Each structure stands twice: as C-alpha cells, then as structure tokens.
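A.B. asks: Here's a structure for you.
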Amino acid sequence: MSFIKVEENSDFSYHNLPYGVFSTQDNPRHRIGVAIGDQILDLSVIKHLFNGPALGKHQDVFDQPTLNAFMGLGYDAWKEARRYLQKLLAANESTLRDDVTLRTRAFVDQRSAAMHLPAEIGDYTDFYSSRDHATNVGIMFRGKENALMPNWLRLPVGYHGRASSVVVSGTPIRRPQGQMRPDPAKPPVFGASKQLDIELEMAFFVGAGNKLGEPIPIEKAHEHIFGMVLMNDWSARDIQAWEYVPLGPFLGKNFGTTISPWVVPMEALMPFAEPNVVQVNTTTPNVLKNFGNQKKNFISEKCWEPEKCHLQIMLGTEKTLCPKKVPTNMCFHLLIRGFYSLATLVETSTTFCIHSMTNLLKTHTTLCISSLDPEPLPYLCHQDPYTFNINLFVSVKGEKMSKASTICKSNFKYMYWTMKQQLAHHTVNGCNARPGDLLASGTISGPDPESFGSMLELSWRGSKTIDLGGGESRTFLKDGDEVTITGYCEGRGYRVGFGQCQGKIIPALQQ
C-alpha cells in the first residue's frame, strides 16, 4: 500500500495519516507532520509539492507552528491534502520514494520527536452526550426516577471549559486543591482533592469557522469538523460536588485536560461510521409501517432494566421476547448490515411480537430496545451516519505496579448526540466558532460496567473498589498513578488509531 513499512497493528496506517505538531532535539522549531508507521513526514520539507487548486497558493500553511492556518482553509483543502499525501506515500509513486535526499530530510523517526499541542486552542467546550454516563451519574445524585434532566434528550448539554489548561499527552497533572464539603453537617474545608478522577472522552477540532451571528447548519456541519483526538478530562469530584450548583463545573475541572497529539482526519474515520442513535418522535404513531407480513418472536435471556432504558440481545433462532416490565409504548431498532430499521412492539396474549422486514433478521443481528425518545427540533436532525465505531481503553499504572491494568473498555458509538448535532447546537444562537476550537464529547460510557468511562462510575461513587491486580485497588486516583487512554478503529488488516493520551498524577503543592 505504501513504500513506508507499517506494522498491521500500528495505529498509523496508510489509511490514517493523522496530523500533529512536533520538534526534534536538532531542530527545536515546531512544525507540522503526518504520522505513518513509526515515521513522521515533515510537511514543511515537502510543502512545495502541494500544487492543487486549494493548496497551491497556500503552501505556507505547512510552515506554521500549529495546524490552525491549515484547518482554516476548509473542507476542500483538507480533502486535497489527504488525496495528495496518499498518492505521495503510495508504493507505486516515485516522487518521494526515489528521491533519497528529499526522503532523508522529510522523514523523522517518531522516537526522536517531541510532540506538542496540535493547535492553538482559542476555546474549549465540553459536552455531556453519553446517555449511559448521564443516567449513571443522575442515579447516584438524584435517584432513578430523576436520572436524566428534562432537557437532556432535547439538546446536547455542554459547558465552556478552560482552554489554557488543555495539555498534550505526557504532561504531568498536579493534584488540585480547593474547597470541599465532605461532611454536610460541617463547614467546607480547603485541601487537596481526595477524589481525583479520569473521564474517558474524545474531542474534535473545528476547522473552518463561522461568522458571528451566522449559525452552522447541521447539513453543513461536517465541513467544519477537521478531525478527532483522545481526551482525558481530569476531574476532582469532591471539589466539583461542592461548587457545581448552580452554574456547573469550575475548579473541579479547569486544572488540566489532556489530549492525544495526533489529529485523525474525519475522512479517515468515515469507513467506520455507523448509524446514529434513532431519536424517535413520540407524537408520530406507526413510524415506518412498511415492514411486510413476517412475524418472529424473540426472547431476552437478560433481565429488563427499566433504569437503563435499553437492552441489547443477540438474535438467533425464533424465540419469544419476554413482556415482563416492558411498557407497551416501546420501539426497537434493528442494526442490520450497518443500517437501522425501526419497528414497534405489538402486544399479544403471551408475547410481544416483532413485526420486521422480511428476510432481514439474521443470526448475530443486534437488537436495541429503547424507550420512545423525543425527536430533536429540526435544527438538530440529520440522517447521515456520523457515529463512529472507535474502540477505547483506559489503563492505570500505580507507582508500585510492574504493568498497567485496563479498567475500562468502551466505544465511541455509545454516544447519544453526534458531533454534527453538537456543533449545530453550539452555533445556532450565532456563536462564532474558530479554527482550532476544541469540542469534547463528555464522558463516554457504555451499557456494561466495564464500559463505564470514569472511576466515579466504576467505583459507584466510591462505594466499591476497582481491582488493578497484584493487590492494588482504587476508588479514585493516587499520586504517582499513570493513566493511559488508547483508541482505534479496526479495519481489514489495518488500524486507524489515535496513539496515546497519557498523564501522571503528581502531588499537590505543599502549603
């Protein structure tokens, strides 16, 4: 595929080509590079080769110390750059392959490079778009009946974070200090946080922005989303719990946010796009009625969990769906060969029959049952798939541990609100986004305990320990703990990965 050797399990395949900013000991100038295998292609060295209609007059963007100028050129320029990079790196292309002098100057071993923030981040917004996470936290603090706030299913909830404390992977994170109120019967105290937590997140960089007062319509939002990174939004839960009413997070969040250095372009992720969560209009009966005459019954071997509002089962031979506790106003979504179909549950005397499309129910089809959610307002509606199958992992390594322990295995596809919806909502009031702005997903949690994306959930607010092996356990982070987030999309014989998002906790300053 490429004349550069790439191992099959490398994050940085020929299909990826993420952008980053790096320097070397012999050349400390920050410059833009593209990762392939264990190499970095220095775009400042080959900028003269970009002669297309979108980049020919803007070659200087590859001579900048950040990606902002390149991001600001817009969608056509990004596509042109990617096409040319894939051509240049192809096994049958001689321009770079056979020019020994140019190759020597252009390629840098990743091990000899220091990575930096890929962009100057003007603004940082953090959303709260995982239904499982929002439900879990709501249950902890408000109970099952009020787990989700009334607005959560209507709009992508978010808050403005602190751009100045966004740091690149490898930067140590100092344990924060602040006010806490561990005993509600006593006054607050000041000290180092005892409930320091991680948040498994992903974030995207805004490319081309919009003018003040002119929203980005959702059908054009993808043209403003440059690429994605991994994120750890470190959180001091005890500080946050005392301060967050009524305006939300502040000192419990703004002391540090870590991102991975390589920005994976959206075009590299599109082969892994999956259908969005179906957001159903409860006022529209008999949605998608044309499902043919075939009736099949399926049984759930798992217990229905009303507080979770959904259930996943595997379909095989004909079985019966147990009606116990299942409301009659339910719908289900069939994920069949990558496409969602929508149907309704019809009550009979002993079972709930599923009316579905003829000949589409196959073994290992995933059945997702969920309550009827409100359909978003028109400015938030889009049908094109913009949810991505990205495998995500979180590991923790204590100072006394010989190897890291994986505490979370999750997936970006669990998100309820898409990035297009987030950006459209962020700008619908006329807010102007700018190249290099960072918009984060919020904690990514899935339906199973091992997919919970925070220690708050994994320890269920500190009520149980998280086993790290070797006699080590945690409820929250200790000084010296090193947290690493990794993620990748799995293709046929290749990966599109993100590298690492890593940070180590150092002790609070002594007073």
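Glycine is no exception: its Cβ is also placed from the backbone N, Cα and C atoms.
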A.B. asks: Can you tell which of Asp197, Asp233 TrEMBL lists as binding Mg(2+) with Lys253, Thr257?
C.D. replies: Asp233
A.B. asks: Hey, TrEMBL has Ca(2+) bound by Glu199, Glu201. Any idea which of Asp126, Asp132, Asp183, Asp238 it lists too?
C.D. replies: Asp126
A.B. asks: Under a three-state reading of DSSP, tell me whether Tyr244 (substrate binding site) is helix, strand or coil.
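C.D. replies: Coil, per DSSP.
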A.B. asks: Within the domain 'Fumarylacetoacetase N-terminal' (15-118), what mean pLDDT does the predicted structure show?
C.D. replies: 98
A.B. asks: Could you tell me which of these recorded positions, His133, Lys253, has the greatest number of Cβ atoms within 10 Å of its own Cβ?
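C.D. replies: In terms of Cβ crowding, the pick is His133.
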A.B. asks: Starting from the Cβ centroid of Asp233, Lys253, Thr257, the recorded Mg(2+) site, name every other residue in that chain with its Cβ within 8 Å, sequence order please.
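C.D. replies: What remains near the Cβ centre is Asp126, Gly161, Arg162, Ser165, Glu199, Met231, Asn232, Trp234, Ser235, Pro249, Asn254, Gly256, Ala440.
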A.B. asks: So which one is it: of the binding-site residues Gln240, Thr257, Thr443, which has the fewest other Cβ atoms within 10 Å?
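C.D. replies: Result for the binding-site residues Gln240, Thr257, Thr443: minimum number of other Cβ atoms within 10 Å at Gln240.
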